[in-house]
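Asker: Copied straight from Swiss-Prot:
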- 21, 22, 81, 285, 353, 360, 361: N(1)-(5-phospho-beta-D-ribosyl)glycinamide binding site (BINDING)
- 113, 154, 159, 160, 161, 162, 163, 164, 194, 195, 196, 197, 202: ATP binding site (BINDING)
- 266, 278: Mg(2+) binding site (BINDING)
- 118-307: domain 'ATP-grasp' (DOMAIN)
C-alpha cells in the first residue's frame, strides 16, 4: 500500500471516535506511520486530541452531528475508540462506502450486552454465565429468583463497570436496579442478570484479526475494582490446554464479528474450563501493559492490522501495569513524577485529561522484570509515587 503525506492530497485519514487514553496511543502509532488523524469526543482537549492533526467536539450519539463530520472529512477508516456512539450512523456510513473498524455491525453488537451474549451463547454455543434479561424491577426479581443468589446485574449498555453490582440478598435487588439505571448509557431500563461465577481468575486475550490471519498475544491477567481496571500483567500463567481453549473461543467470537484490528476478549477461568465474558473490538485498557512487554503494543498492532500491514505479537519480557488515579477534583491538575521515575525498569504514561476527579484514571505506570510478580511490585511502587495536585 502507498501512504501519502498528512494534511495533503492523497493522505490516509483515520477518524477516531472517542479520544481517551487508548485513542491517544492509537493516534501516536498512526502518526508514526504517516497517517492523518482526526479525533472526536464530547469534550475539548481530550487526550487523543492533543496528538491528532485535527479535532471536533460533538455528542457522538447524535446521528446528524456524526454523519456531518464523516461526510466533511471523508476518512479512509472510521475507528471507534469508545462505546457511546450512534451505531446507526456507522451502519449508514458503511453502506455509503466508508470502512468502519472492525465493522459497523461488530461495533453495534459488542456495545450491547444482550446482542453479544446471544451471539456467543446461542449462535456460537460458547460457555457463558447463565443469564436472564429484565425490563422492570418486577422482572428483575423474577430473574434473580431463577438464577439464584448471588448474581450480577448490569445495564445492557454501559462501560468501565458503570451500573454493575452484585446481588447477594433480596434486599439488594432494588438497589441493583437503581445502580443499573443510573449507570446505563442510552435509552431504556433493560438489564442482563448473570449467575455469579466464582472463577479462579480472569484474563484478557488480545486477539488480532490481520491480513495474515488471526494472531494471539500472551494472556493478560488483571485486577478489577468495582468493574474497572486497576492493574494488569503479562503473561498470566495458565496451562497449554486452557490457553488453547481460550484461543479457540476468541477466534470463534472474533471470526463471527469480522473485520480487521485488535479485539480484547475477556474470559473467566474456573478449574479446567474457560468461560466467555465480553469482547471489545478495539484496544483494551488491561492491554496497556503491552507497551512494555511486547515487540509491538496493542495500539501498534491495531493500526497495522487496520492497514493490512505485518503484525507481531511477540512477548519480549514479563511486565505489569498499574493505574494512577486522582485523589482530588481539579481542573488542569499538576503532576509530581520525580520519585516515580526513580523506580527502576519502569515507564510512565500520563494521559493529559483536563479534569482530575477522585478515582479517575489519570495515567498508568508500566514495569518489566524477570517475573510478573516483581514487575507488579515495581509498577505499583511507581504508580503510588506519582503525586497529583
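Glycine too: its Cβ is placed from the backbone N, Cα and C atoms.
What's the neighbourhood like for these features in this structure?
Answerer: Secondary structure at residue 81 (N(1)-(5-phospho-beta-D-ribosyl)glycinamide binding site), taken from DSSP and collapsed to helix, strand or coil, is coil. Around residue 81 (N(1)-(5-phospho-beta-D-ribosyl)glycinamide binding site), the same-chain residues at least 6 positions away in sequence with a Cβ under 8 Å from its Cβ are 16, 17, 18, 19, 20, 22, 23, 26, 48, 282, 283.
Long-range Cβ neighbours of residue 196 (ATP binding site) (same chain, at least 6 residues apart, Cβ-Cβ under 8 Å): 129, 149, 150, 151, 152, 166.
DSSP gives residue 278 (Mg(2+) binding site) a strand state.
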Asker: So for residue 159 (ATP binding site), how many other CB atoms are inside 10 Å of its CB?
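Answerer: So the Cβ neighbour count for residue 159 (ATP binding site) comes to 16.
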Asker: At 10 angstroms around each C-beta, which of the binding-site residues 21, 194, 266, 278, 285 has the fewest other C-beta atoms nearby?
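Answerer: Sparsest of the binding-site residues 21, 194, 266, 278, 285 by Cβ contacts within 10 Å: 278.
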Asker: Which residues, sitting 6 or more apart from residue 361 (N(1)-(5-phospho-beta-D-ribosyl)glycinamide binding site) on the same chain, put a CB under 8 Å from its CB?
Answerer: 21, 228, 229, 323, 324, 325, 351
Asker: Can you tell me how far the Cα of residue 163 (ATP binding site) sits from the Cα of residue 360 (N(1)-(5-phospho-beta-D-ribosyl)glycinamide binding site), in Å?
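Answerer: About 16 Å separates the two Cα atoms.
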Asker: I'd like to know which of these binding-site residues, 161, 163, is least surrounded, judged by other CB atoms within 10 A.
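Answerer: Comparing Cβ neighbours within 10 Å for the binding-site residues 161, 163, 161 has the fewest.
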